[in-house]
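Database features, via TrEMBL:
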- 92-116: region 'Disordered' (REGION)
- 191-225: repeat 'PPR' (REPEAT)
- 226-260: repeat 'PPR' (REPEAT)
- 465-499: repeat 'PPR' (REPEAT)
- 475-626: domain 'PROP1-like PPR' (DOMAIN)
- 500-534: repeat 'PPR' (REPEAT)
- 535-569: repeat 'PPR' (REPEAT)
- 570-604: repeat 'PPR' (REPEAT)
Amino acid sequence: MQALSFWPLKSGLLVGSRLEFELDCSCFVVSSKTRKRHSFVEQACFGSISSLVLVSSNRKFEGSKFLFLCEPKRSFLGSSVGVRWATELGEEVSTEDSSSSSVDHSEPQAVNGGEKNNSRVNVRELAFSLRAAKTADDVDAVLKEKGELPLQVFCAMISGFGKDKRLEPAVAVVDWLKRKKSESGSVIGPNLFIYNSLLGAMKQLSAFGEAEKVLSDMEEEGIVPNIVTYNTLMVIYMEEGEFLKALGILDLVKEKGFEPNPITYSTALLVYRRMEDGMGALEFFVELREKYSKREIGNDPDYDWKFEFFKLENFIGRICYQVMRRWLVKNENWTTRVLKLLNAMDSAGLKPSREEHERLIWACTREEHYIVGKELYKRIRERFPEISLSVCNHLIWLMGKAKKWWAALEIYEDLLDEGPEPNNLSYELVVSHFSILLSAASRRGIWRWGVRLLNKMEDKNLKPQSRHWNAVLVACSKASETTAAIQIFKAMVDNGEKPTVISYGALLSALEKGKLYDEAFRVWNHMVKVGIEPNLYAYTTMASVLTGQQKFNLLDTLLKEMASKGIEPSVVTYNAVISGCAKNGLSGVAYEWFHRMKSENVEPNEITYEMLIEALANDAKPRLAYELHLKAQNEGLKLSSKPYDAVVKSAETYGATIDLNLLGPRPDTKKRA
């Protein structure tokens, strides 16, 4: 193997050149008097496995602890692990001359043994041999012939066991160290770093129930926890769901005389994240920032607090975003909380990025989320030069789902005025909203509203389609607005839309209601001429037109044509004929069509009986009207009060004898469903 080169560092410690495997390390001397750490090494490079070679120097450290922390990329057990160890030396560290130091990389996973035993220790092999250990006896069977081993070997193995999800051998190693110290009076025994490694392993394995026992053991051994211990405990309590207990560690740290470090504060913020308490996390950060500005915290020279606080500020922004996203996907309606947290972030001077705003908009999927989506959209437009088109399309969809169609149209107008340029999806979404609005106008007969919607579509370069024109035509027909229907039909043709059977049917109905029978005939003939097959609705409208003109011979021809095309007259068709007869005072003809209807096996409904009873009663035929009313009752039909009143009034007027007891009580005046 190629010879390795070495170079001296400030501390006199030597490390090998960079090979294919790199460990991020920090080497410190911790003074027992000042408790300050002096950094010697920022990075050390080793071989292809997770071994540590501690090279001697010619310095002595009086009353100090030598701490070596490493983070490898691969474990000695084969998996990716982080090795953290510490070597607590005696009052004096014996060293050799640095010029005589050398490293043999033929066995790169080896670690030098103790002072008396200069043999090499293969850490990976040693850990592999202990992987099935469950008790201290199992460990003793493997290690009793190994002599004194450096504590960093045990730290490395314990951490490795944690990463490899093997808690039993990690606990067994610590138990063995305790037993060895008590039985033989050995200097080497569990120290603070051994216990921290064990707590870290428990954290990796989620074996949180064992943490209390480790703390008890530390207390029995007289080992005082440090800030690393408390940080690990905070994570353990958090993973257990003991959030208040985890946050209580902060007070305990100050009570024990330690100053929380950036890891402590970031862990506390993470606890609030797990609690989904965005307001609590934000309040904690604001209080922390105020203390930092007053120099009450952040005085530890071992940290670049300016940079660390910058990271904490980014972290709290991320936490608030994640909490709001969680609130939005809950089944409960937490939109108010989201809006409050957004305003609180503004007050705290936190400014989420455009991407975070947009991801929150994507989380808005329910009707009640429209107010959050609208607020986030407003913020993006005000604070950032651009916005994603897909986000705008999602908002247009969301506003439509929440029945906020005008808000959706405003977003579309912004796309036209400010960008980005709308695409086909934007167009289809807005047109679908107009379709919903026009359908509502059609159902309610609000024809003026429908006309305004058509004008609005044309103003926004949205070409109305035949279904939109038809919706307004139907609204005009229901409102008996014949002139408006004619104008809409002409505008539809002028705009290049081909009228459908629905268009012709709506126009025919409007003309029939306006008693423009000749115009209705011309429209009918034009419809047939252009090859549009009439449907049942169109035939029913023409039956009403022919009845109004009293052209019953043509009406018979029309019904035969329907039969030849396989279109059976419905109860609505016969009702249109009976209604037309009733309006023209032809109660006898109406009664004949009633019987014809029955002969064609078309069952009359409440509307049929009500129109015919009223026609007969008004035409001086109270007795026949009375009998029809009883017949409807016997068939289980619920008639309104109008035919009841017509029968009673006609009987009184024309002196007919009827039994009101048989008619029963007068129906209430509530509108029939």
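Start at 1 and count along the chain as shown; that gives each residue its number.
Placement of Cβ uses the backbone N, Cα and C atoms for every residue, glycine included.
Heads up, TrEMBL stuff is auto-annotated, nobody curated it.
Quick caveat, the model's predicted, so the values are computed rather than measured.
Long-range neighbours of the repeat 'PPR' (226-260) within the same chain, counting only residues 6 or more positions beyond its ends whose Cβ lies under 8 Å from a Cβ of the stretch, are 192, 195-196, 199-200, 202-203, 206, 208, 211, 215, 218, 267-268, 270-271, 274-275, 297, 299-300. Note: the repeat 'PPR' (535-569) comprises 26 helix, 0 strand, 9 coil (DSSP; helix = H, G, I, strand = E, B).
Within the repeat 'PPR' (500-534), the DSSP-based counts of helix, strand and coil residues read 26 helix, 0 strand, 9 coil. Broken down by DSSP into helix, strand and coil, the repeat 'PPR' (465-499) contains 26 helix, 0 strand, 9 coil.
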